[in-house]
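Here is the structure we will look at.
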Amino acid sequence: MPTPTRIGFLGLGQMGAPMAERLLGEDVQLHVYDPRPEAMAPFTARGATACASPKAVADRAEIVFACLPSGKVSEAVALGPEGVVHGKALRLYAEMSTIGRASVQRIAEGLAPRDIAMVDAPISGGPAGARAGTLAMLAAGAPAAVERLRPWQFRIGRQVFVLGETPGQAQVMKLVNNLLFAANAATALEAFSLGAKAGLDADVMLEMVNAGTGRSFATAGFLPTVLSGERRFGASIGVLDKDVGLGLEEARSQDVPMWSLEQAARLWRFAASQGMAGEDLAQLARLIEGWGGAPIRGR
């Protein structure tokens, strides 16, 4: 039997845990770290090794994935006193978090002197895609590093898109994607609020829009959970607000006007500022319904 590949995974949250589960198997020695012991327990029960720090993971694993909540956390996990940069075994680091181009470039520059290759590797598809193994996987980095990472990305997701040879390029692509979703979700709710106020059946509206030119992932994948009343899409308002902010920051750095996206960003920022940052994205419907004066619900 071939020697198992030593892989590490940092961050076992809504996205990280289902992705890490896909790496469990006889061909992998999995080493995990999360600041919450209860998040690591299901993995140790299935044969993974729980580690005390990111450095401890990097002391054992040659390939390490990270899925973390912010650029500040990502940079500390990579380059801090207990960061992976100090690990003895690590050769390839895959940053899956959405943290923006500047953070990823700082991490790549910090790892390079230790001969640790970095692939900028954010993902798209949400918690449902992570659980189903259907995520879109992005990659930007040195060709040899991207190629080495590819089979493990396909084990986690369904498609791999290579954006270039410079870490940060995949971050820009992810921000483009998330800006589109943020705008589409906000405008879909507002448009359906109009239809609901005029007395249209929300289920018929949804069927018609998804058969016509108004279709988007926001109408096909997001609105159904709003109309059902469940309103659990699986990602938080605060996370999307963070991503939209990073996208607009990138646009400003590139001197690209964002007239309509600036307006959509204001809506997500307002929702987060009203104590809704920890709530599901679909709960934005509450605000839209209140302003429009009509419920957005199916039968």
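Cβ coordinates come from backbone N, Cα and C, glycine included.
The active site annotation in TrEMBL covers LYS174. Counting only residues at least six positions away in the same chain, the Cβ atoms of THR98, PRO122, ILE123, SER124, LEU138, ASP243 sit under 8 Å from the Cβ of LYS174 (active site).
Among the features that TrEMBL reports, domain '6-phosphogluconate dehydrogenase NADP-binding' is placed at 6-164.
The feature domain '3-hydroxyisobutyrate dehydrogenase-like NAD-binding' is assigned by TrEMBL to 168-288.
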Next item on the list: Averaged across the domain '6-phosphogluconate dehydrogenase NADP-binding' (6-164), what pLDDT does the model get? Just tell me the whole number, please.
Entry: 98
